[in-house]
Amino acid sequence: MVDLLNSVMNLVAPPATMVVMAFAWPLLSFISFSERAYNSYFATENMEDKVVVITGASSAIGEQIAYEYAKRGANLVLVARREQRLRVVSNKAKQIGANHVIIIAADVIKEDDCRRFITQAVNYYGRVDHLVNTASLGHTFYFEEVSDTTVFPHLLDINFWGNVYPTYVALPYLHQTNGRIVVNASVENWLPLPRMSLYSAAKAALVNFYETLRFELNGDVGITIATHGWIGSEMSGGKFMLEEGAEMQWKEEREVPANGGPLEEFAKMIVAGACRGDAYVKFPNWYDVFLLYRVFTPNVLRWTFKLLLSTEGTRRSSLVGVGSGMPVDESSSQMKLMLEGGPPRVPASPPRYTASPPHYTASPPRYPASPPRYPASPPRFSQFNIQEL
């Protein structure tokens, strides 16, 4: 009986849904537009003297969001690992309208760090109104061509747990203020772009986590999920941040050129949408059409990417920069490491994939039982000195 019911629904539900949506879409769009217009003019949250905690605030979208909240007169708590960059952002935020700004050097993938900076924010200001999670880490490599798998945990830790931990710690205080969580997601959570497999997986987990949490909170704490395509940020160049703050840049020698969009405009849209109480902020909106293709005609996406990526030759990935404590060139919008002591360290060995030995062997184990990934020694930022600038 169940099999018969499923067979009938498989035949009836898809076309029936498309017919209903065709008739309901204009009405739903009008309702959404009317609600947005009303909230814009009559129900926008006043951020004057409100407290906003922003992770990943040292650069890119986090930095621009800090400036937008500063223009609205908010009190800011800027969190990132690069303390020097936080000082620069703090000074500018003060100049353009922020009442008070404190900076805290911390690592969002460590629960103790998250508990520390949220607690210090509450001790200093007495409340938390908005938590903005922007810390993110992207990549532009083909999964099977990666030689160093130690980057895998970093991608998932920062893109997923780097949002979950601050949210978990901040929720009790957000309940007290009926506050809001702002999430930096991406269209890659449902658009399967090549060379972004782990990033897409992490963003998909992130969006599903917050959509579920939205129902659990039942409106007591708002959630705004910001999804974007390619924007002009460090991440659009494949930037990585290693655990100790060193950065590296992957360069795919056979990648499709992609130009970033206006980062400042997206930040302005995010803050405006959060203050209106929007569930989603999308930039650009036309990316939504790809979701329809994925649901109803997934082969179209596959053919499109196959056409875009088809070329002659062998795929090759090279590591442009990696290290610890090396100077960073910030003269351009996409930060690149300036390697000390010679040219970039590009392996001169033969291609990684050969006919032998087999890619997977029974021994030794791929992941050794020791040492643990996160050493027991004190983290890089063991002191969290609140500094008002």
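If you go along the chain as it appears here, the first residue is 1 and each next one adds 1.
Glycine residues also receive a Cβ, built from the backbone N, Cα and C atoms like all the rest.
Sequence annotations record features per position, and here Swiss-Prot assigns active site, proton acceptor to Tyr199 based on sequence analysis. If you look up Swiss-Prot, you'll see 56-82, Asp107, 199-203 marked as NADP(+) binding site, on the strength of similarity to another entry. Sequence annotations record features per position, and here Swiss-Prot assigns substrate binding site to Ser186. Marked as region 'Disordered' by Swiss-Prot: 337-381. What Swiss-Prot lists as transmembrane segment is 11-31.
Positions of the features from Swiss-Prot, shown on the structure.
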residue: Gly56; record: NADP(+) binding site; Cβ contacts under 8 Å, 6 or more apart: Gly62, Val79, Ala80, Val108, Asn133, Thr134, Ala135, Ser136, Asn184
residue: Ala66; record: NADP(+) binding site; Cβ contacts under 8 Å, 6 or more apart: Ile54, Ala57, Leu76, Leu78, Val89, Ala93, Ala98
residue: Lys71; record: NADP(+) binding site; Cβ contacts under 8 Å, 6 or more apart: Ile96, Gly97
residue: Tyr199; record: active site, proton acceptor; Cβ contacts under 8 Å, 6 or more apart: Leu137, Gly138, His139, Leu155, Asn159, Ser186, Glu188
residue: Ala201; record: NADP(+) binding site; Cβ contacts under 8 Å, 6 or more apart: Leu156
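Secondary structure at Leu76 (NADP(+) binding site), taken from DSSP and collapsed to helix, strand or coil, is strand. In the shown protein chains, 27 other C-beta atoms lie within 10 A of the C-beta of Ile61 (NADP(+) binding site). All protein chains included, Arg81 (NADP(+) binding site) registers 21 other Cβ atoms within 10 Å of its own Cβ. If you draw a 10 Å sphere around the CB of Leu76 (NADP(+) binding site), it holds 30 other CB atoms from the protein chains shown.
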